Amino acid sequence: MQPPPSLCGLALLALVLACGMAEVWGEEREMPSAPATPPLLGASEILTPSTKTSWPRDSNASLPRSSAPAEIPKEGRTAGAPRRTPPPCQRPTEIKDTFKYINTVVSCLVFVLGIIGNSTLLRIIYKNKCMRNGPNILIASLALGDLLHIIIDIPINVYKLLAEDWPFGAEMCKLVPFIQKASVGITVLSLCALSIDRYRAVASWSRIKGIGVPKWTAVEIVLIWVVSVILAVPEAIGFNLVTIDYKGSYLRICLLNPTQKTAFMQFYKTAKDWWLFSFYFCLPLAITAFFYTLMTCEMLRKKSGMQIALNDHLKQRREVAKTVFCLVLVFGLCWLALHLSRILKLTLYDQNDPNRCELLSFLLVLDYIGINMASLNSCINPIALYLVSKRFKNCFKSCLCCWCQSFEEKQSLEEKQSCLKFKANDHGYDNFRSSNKYSSS
């Protein structure tokens, strides 16, 4: 029995990733931690030299890494070869407090909507047997990953932002980014598997969708979670709790340690931004574009009069394909700003440019917009399903209105009741006719 192409693709992808660069979301989901530390992107350039020396600039904060060598004086530097520091910014960026309030409000909104939406989505798929098919199980896997991120990471990040400290210890410092990266990996790989599954469903017109979880879909989900966890391991290794001296007080900061012990982790830290952009952003968009193009060509190639009996079945598959495309589109829009800010930092930022301060302010604002947009992705998938899919919309209404019975069960119950009423009326009419016959005779 030949495995489906989607499983083969995921297995090949897992092998390449495990043997190659086992990297994961380094900065994207933990980025709310950057503004929590007092030295900000623009403000750090007007700090005193003693403060700069104590602050580990080459960290996982929202500072361009390229600015670290020029900004931090090295103790081992010879006196005869001084290194000129770039001119400081005239004024700091005044966005820190504003970001605190905005990020707290957005995080609370994501927390409430995400728990309600994702838990409702999981309950719908669990309670309704007719909803337990391959695509919906992949959607449930995606919702479970988002739910883990919402419950564990968002409250810790909000507290860290408001308290400007990390009181949770070194173990949680490694666990929180690990869960964050695994959650993003589950989202990316689930969207790739959904796109491949939709092409297979449309290409095999005669394959009737059944109720239940296909065996290969279950294997795909296990593979998705295993690969996501493997890719998150470097974050648990690289992150550490660092104590810095800032204005006479000691702050504990959870960050990717600037000095990694192994050569692989040094390479991991250096190539992180490009890896994040290519795998965690471009890959799902490229796979969706490729397989949806093939799916469109396949649909146009089929004759219009072919298999008329399957018209309703094909309409359902097209609706599911539209739903998956909507999920991928929402993912791309939510993560575009944050990835754009990372790439601009790598390509445009010059530490010796006298006009770099304006670019720093722009990148900082773009970072903050991207942080909040990326946070919305954890709660927006159930909303997108509600707006796009009629079946999910009816199930959401049924579940959120606290109706214990599922939508399909209620619909079948109403049909049974109407049939019973019709039979009862028909039986009464037959009795009436027989009684009339009796009386007339």
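Cβ coordinates come from backbone N, Cα and C, glycine included.
Feature annotations, courtesy of Swiss-Prot:
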- 47-65: compositional bias 'Polar residues' (COMPBIAS)
- Cys173-Cys254: disulfide bond (DISULFID)
- Asn60: N-linked glycosylation site (CARBOHYD)
- Cys402: S-palmitoyl cysteine (LIPID)
- Cys404: S-palmitoyl cysteine (LIPID)
- Tyr438: phosphotyrosine (MOD_RES)
- 30-90: region 'Disordered' (REGION)
- 1-26: signal peptide (SIGNAL)
- 27-100: topological domain 'Extracellular' (TOPO_DOM)
- 126-136: topological domain 'Cytoplasmic' (TOPO_DOM)
- 163-174: topological domain 'Extracellular' (TOPO_DOM)
- 197-217: topological domain 'Cytoplasmic' (TOPO_DOM)
- 243-270: topological domain 'Extracellular' (TOPO_DOM)
- 296-323: topological domain 'Cytoplasmic' (TOPO_DOM)
- 350-361: topological domain 'Extracellular' (TOPO_DOM)
- 389-441: topological domain 'Cytoplasmic' (TOPO_DOM)
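Helix, strand and coil counts under DSSP for the topological domain 'Cytoplasmic' (126-136) come to 8 helix, 0 strand, 3 coil.
Counting other C-beta atoms within 10 Å of each candidate's C-beta, the disulfide-bonded residues Cys173, Cys254 are led by Cys254. For the topological domain 'Extracellular' (350-361), DSSP puts the residue distribution at 6 helix, 0 strand, 6 coil. Mean pLDDT of the predicted structure over the topological domain 'Cytoplasmic' (296-323): 67.
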